[in-house]
There are 2 protein chains.
Amino acid sequence: MSAALRTPPRLAPDTLRVTPLGGLGDIGRNMAALEVDGQILLIDCGVLFPEDDHPGVDLILPGFEVIADRLDDVVGLVLTHGHEDHIGAVPYLLRQRRDIPLIGSRLTLALVREKLREHRLRDTEYRTVEDGQRVTFGAFDLEFIAVNHSIPDALAVFVRTAAGTVLHTGDFKMDQLPLDGRITDLRAFARLGEEGVDLLMVDSTNAEVPGFTTPERDIAPALERVFARSTQRLIVACFASHVHRVQQVLDAAVSHGRKVVYVGRSMVRNMKVASDLGYLHVPGNTLIELKDIENHRPEDVVIISTGSQGEPLSALSRMANREHPVIDLERGDTVVLASSLIPGNENAVYRVINGLAKLGATVVHKGNAMVHVSGHASAGELLYCYNILRPRNVMPVHGEVRHLIANGALAEATGVPADRVVLAEDGTVVDLARGRARVVGQVDCGYIFVDGSTVGDVSETALTDRRILGEEGFISVVAVVNTRSGRLISGPDIHARGFHEDATVFDPVAGQITRALEDALGDGVTDTQRLQQVIRRTIGRWVNTSYRRRPMIVPTVVTV
Amino acid sequence: MSAALRTPPRLAPDTLRVTPLGGLGDIGRNMAALEVDGQILLIDCGVLFPEDDHPGVDLILPGFEVIADRLDDVVGLVLTHGHEDHIGAVPYLLRQRRDIPLIGSRLTLALVREKLREHRLRDTEYRTVEDGQRVTFGAFDLEFIAVNHSIPDALAVFVRTAAGTVLHTGDFKMDQLPLDGRITDLRAFARLGEEGVDLLMVDSTNAEVPGFTTPERDIAPALERVFARSTQRLIVACFASHVHRVQQVLDAAVSHGRKVVYVGRSMVRNMKVASDLGYLHVPGNTLIELKDIENHRPEDVVIISTGSQGEPLSALSRMANREHPVIDLERGDTVVLASSLIPGNENAVYRVINGLAKLGATVVHKGNAMVHVSGHASAGELLYCYNILRPRNVMPVHGEVRHLIANGALAEATGVPADRVVLAEDGTVVDLARGRARVVGQVDCGYIFVDGSTVGDVSETALTDRRILGEEGFISVVAVVNTRSGRLISGPDIHARGFHEDATVFDPVAGQITRALEDALGDGVTDTQRLQQVIRRTIGRWVNTSYRRRPMIVPTVVTV
């Protein structure tokens with residue numbers, strides 16, 4: 001693996017070019033571009049949620065800037081399922097070309113529609129497909145295969161072209177007893193394997209996890225225990241897209257005679273979509289509105305809430321901090337976090353758990369009960385896939401480097417030759433010709449930051465500044481000088497934020513700066529840049545020696 | 001649990017007062033104060049390593065400010081073991097009174113001595129004790145009991161006073177087959193239980209973990225496998241205080257004919273201390289110096305390194321980034337992280353693992369091999385303790401709220417009455433009289449921040465500023481006005497950091513600010529505060545509407 005940019009050659013005839021534009025090296029911003037005969041098919045267009053090394057950034061987009069000048073050649077965008085890391089960046093792509101056909105299952109496109117409405121994007125073109133269906137978009141003949149995941153209606157896509165075939169699994173696992181009976185279609189995988197899969201692009205998320213992912217329905221007993229023991233208010237937090245998890249809570253609620261309240265904007269919105277389309281089955285008069293919750297005794301209601309990752313503004317965090325306008329937790333209440341703990345969120349989640357515990361609530365989470373199972377295939381399931389599909393070439397996708405490498409090792413273990421396992425990263429250009437995949441180049445596929453209402457304006461420099469400011473704060477020094485008279489007219493005015501409260505700490509250095517400026521002016525220095533340099537050096541040296549700190553220094557010299 | 005401050009009553013005669021000054025609510029800054037007859041005994045004085053909610057802070061100290069005016073009444077400071085969260089704040093306490101007697105085991109005091117030397121603190125008073133020993137400090141009769149932990153020579157302390165007895169376990173587990181044969185002395189626990197333990201202060205870290213902590217020696221097979229399979233360079237990262245972990249690596253190195261290099265300042269320092277005192281057994285000519293590593297083939301050396309928590313400046317992180325001056329990893333090398341993954345460090349650790357994997361190294365960690373065991377007693381072991389000691393009252397210590405609550409539940413399960421389980425937090429004042437512990441007050445025990453060379457200067461306000469600056473950056477606006485003529489003489493000069501690179505983005509708002517200032521000056525406003533308010537309002541509204549962002553606005557109006 002190497003990120004050194006190498007311009008790929010012109011695309012040869014009878015060659016299928018595959019370029020991952022995101023999701024290889026991170027879990028997030030999943031996107032891939034397939035090109036043949038000058039036509040491009042896109043698969044997924046998701047966001048990456050930034051971590052602490054990208055302060056203030058709201059979202060990170062895939063590297064679709066590299067195809068910005070090719071958007072007219074795009075015949076369609078396949079969306080494998082409705083998770084944010086697969087559909088979240090669609091609005092930002094469509095801003096560049098509104099009428100790219102969006103291809104996906106009913107639920108997936110319904111969730112996309114809600115998202116585009118919020119972004120005020122209209123006149124978009126939807127092509128609803130279902131598993132088993134086969135449709136042609138330009139040079140690409142697509143067949144969709146049912147896969148099981150932590151959101152309903154997920155699809156894998158098999159792409160037939162004149163230059164070769166690609167199977168992209170999307171996100172999947174192989175739960176053999178899913179709630180909706182919709183299993184990953186291994187019969188189809190077998191048939192496609194017989195036909196010939198030139199390149200398999202396969203989910204790597206759990207490739208490091210040995211064995212098999214536990215079936216979703218196996219959390220029912222733990223949920224049942226919680227409902228049976230809980231004699232007061234009961235809150236279950238989970239992902240707002242996890243329809244089957246919510247279904248299990250609904251079923252338990254009905255059997256224990258509790259009404260259900262959805263809390264959290266995305267939970268309310270998604271569950272309405274899911275039940276309108278029949279993916280979620282809600283028995284009559286089970287639901288009540290949050291505003292009516294006072295009309296029911298706490299022990300007659302279960303609250304299904306967002307915030308399972310400790311998001312500070314979520315309903316759950318506000319409950320833990322006693323800041324929720326409606327729900328006031330009491331000793332003996334029960335809170336279930338029926339969700340994974342995404343790496344990087346530990347502090348936030350444990351802060352919420354400690355807050356809830358301090359209020360006297362019983363907190364049930366994956367650490368102390370079986371209330372969550374993963375949505376991704378573990379190593380054992382991936383081995384089944386490799387053996388059923390027997391792909392000619394494999395490109396592990398959807399994972400950090402460690403996951404991609406582990407997945408590649410599984411492929412090799414099933415007999416895929418090492419030189420047919422393509423360990424690519426974002427921007428790696430892979431050409432597929434005569435059943436052989438080869439890395440032919442590397443294009444720039446850097447992060448694009450969404451920050452407030454701006455896209456791409458925030459640079460690494462700005463982020464570096466934020467890191468310094470966030471660690472050390474800053475000191476601003478303002479001085480007014482008359483360059484003709486060579487006199488310091490006003491200042492230095494010294495203000496600091498995030499460094500030290502007490503302004504008097506700067507008294508000793510103020511005199512030093514005055515002297516340094518007067519010396520410089522005396523030497524005939526008139527350039528404000530150089531005078532600001534004098535200020536920076538003087539106070540920088542002082543703060544470093546007397547405080548062993550390096551706050552950002554912002555000198556402003558005004559000449560009048 | 002409630003942090004509402006309630007001034008405790010004057011200490012009554014025949015009463016023992018116990019005040020935890022840190023470590024209840026966090027894992028870190030462990031410290032407790034015991035008072036009887038106007039005399040104070042301190043137990044431990046550790047630091048808390050700040051998380052992302054305390055940007056730029058180096059260390060957090062226990063709340064020993066509450067006893068600042070009582071330091072002359074302190075008869076001694078017992079240090080239960082040599083971990084930073086128990087000894088790290090000693091230098092900061094001794095700055096306030098140099099000659100507080102430091103009481104601890106040989107290894108513990110040796111590590112403290114190194115620390116104090118680095119802080120240039122001399123003339124300190126050391127009282128070395130060992131398990132089984134009984135010594136009197138003023139009104140406190142101390143007996144020390146051997147306990148087993150992830151550092152050798154750890155002690156529990158039994159405190160006898162005229163007003164009652166306290167057993168403080170320190171950090172411990174009950175490994176029944178420890179490498180050094182030094183087990184937690186349950187015979188002593190039994191004897192003290194017979195005599196009567198009025199209050200048990202007990203380690204809660206693993207109270208949520210069911211069952212029993214795996215013996216340290218059980219990681220030997222996994223280490224052996226790594227050594228057997230590794231045909232190139234081998235690096236093992238672990239905590240620099242984990243003498244027994246290092247011993248196991250040393251033993252494996254010797255049996256596989258590899259020399260050993262220590263990398264990382266604290267690793268080199270601590271292992272020298274440990275072997276000088278005989279806690280670490282290093283066969284002759286096993287060690288080599290890092291500078292001599294080129295004289296050996298990679299497969300003939302094992303590097304024992306710091307950096308197991310992904311610390312960005314550590315040797316291991318630098319190796320993962322190809323930035324280490326000496327060690328250049330190659331495909332096929334092996335790196336073992338023989339350590340825990342402290343919550344909050346996940347991103348940093350996985351960044352290192354991904355970096356190493358990308359270089360082609362095989363990375364072995366607790367997630368894929370049994371190369372780490374905890375140093376703390378799990379629920380099963382804690383139950384043994386409660387049943388052997390049968391304490392009259394229990395105060396869970398050393399844990400987040402969720403851990404303290406879980407530990408209290410274990411005490412109740414063994415028959416300790418609920419009203420004898422004191423769920424205290426930092427600063428909770430507990431009086432023990434006639435065998436009964438009662439909460440009598442709550443004193444302020446807030447965080448004291450060490451930042452660069454300053455202690456306690458950084459306030460929550462400064463940290464809030466840092467958080468805003470770190471997320472949003474700032475915009476500074478400088479204007480020079482003549483209040484007599486009521487004219488704007490210069491500016492507005494607008495500069496931003498961490499917000500937007502391109503200065504021209506401010507062109508539209510510069511005019512607005514000029515007009516707003518001229519209007520204000522026209523209305524006879526001369527007060528710089530109010531003129532700065534005008535600037536803040538104008539640009540604040542603009543940036544919020546046009547960028548949906550809230551950078552810090554720093555206006556400076558200079559009047560000439």
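Note that Cβ sites are derived from N, Cα and C of the backbone, with glycine treated the same way.
What TrEMBL lists as active site, proton donor is A:Asp203. In this structure, A:Asp203 (active site, proton donor) is part of a beta strand by DSSP. Contacts of A:Asp203 (active site, proton donor) defined by a Cβ separation under 8 A and a same-chain sequence distance of 6+ are given as A:Thr169, A:Gly170, A:Asp171, A:Phe172, A:His376, A:Ala377, A:Val397, A:His398, A:Gly399, in order along the sequence.
Under DSSP, A:His376 (active site, proton acceptor) is assigned to coil, being neither helix nor strand in the three-state scheme. Residues or ranges marked as active site, proton acceptor by TrEMBL: A:His376.
Cβ contacts within 10 Å of A:Asp58 (Ca(2+) binding site), excluding its own Cβ and spanning all protein chains shown: 18. Per TrEMBL, the feature Ca(2+) binding site maps to A:Gly56, A:Asp58, A:Asp451.
Per TrEMBL, Zn(2+) binding site is recorded for A:His81, A:His83, A:Asp85, A:His86, A:His149, A:Asp171, A:His398. The Cβ neighbour count for A:His81 (Zn(2+) binding site), using a 10 Å radius over every protein chain in view, is 28.
Annotation source TrEMBL lists substrate binding site at A:Ala240, A:Ser241, A:His242, A:His372, A:Val373, A:Ser374, A:Gly375, A:His376. Long-range Cβ contacts of A:His242 (substrate binding site) within its own chain (separation 6+, distance under 8 Å): A:Ser150, A:Ile151, A:Ser339.
Regional average pLDDT for the domain 'Metallo-beta-lactamase' (A:28-223) in the model is 95. Residues or ranges marked as domain 'Metallo-beta-lactamase' by TrEMBL: A:28-223.
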Interface-proximal recorded positions, chain B, C-beta separation under 8 A, candidates A:Ala240, A:Ser241, A:His372, A:His376, A:His398, A:Asp451: A:Asp451
Candidate binding-site residues A:His81, A:His86, A:His149, A:Val373, pick with smallest Cα gap to A:Asp58 (Ca(2+) binding site): A:His86
Per-residue Cβ crowding (10 Å cut-off), top of binding-site residues A:Gly56, A:Gly375: A:Gly375
Residue from A:Gly56, A:His83, A:His149, A:Asp451 whose C-alpha is spatially nearest that of A:His372 (substrate binding site), among the binding-site residues: A:His149
Using Cα positions only, nearest of the binding-site residues to A:Gly56 (Ca(2+) binding site) (A:His83, A:Asp85, A:His86, A:His149, A:Val373): A:Asp85
Distance from A:His149 (Zn(2+) binding site) back to A:Ser374 (substrate binding site), taken between C-alpha atoms, in Å: 9
Three-class DSSP secondary structure - A:Asp451 (Ca(2+) binding site): strand
Distance from A:Gly375 (substrate binding site) back to A:His149 (Zn(2+) binding site), taken between C-alpha atoms, in Å: 5
Listed in sequence order, residues not in A:His81, A:His83, A:Asp85, A:His86, A:His149, A:Asp171, A:His398 with Cβ within 8 Å of the centre of the Zn(2+) site Cβ atoms: A:Asn30, A:Asp44, A:Gly46, A:Thr80, A:Ile151, A:Ala154, A:Gly170, A:Gly375
Other CB atoms, at most 10 A from the CB of A:Ser374 (substrate binding site): 15
Number of other Cβ atoms within 10 Å of the Cβ of A:His376 (active site, proton acceptor) across all protein chains: 23
Secondary-structure category, per DSSP, in which A:His86 (Zn(2+) binding site) falls: helix
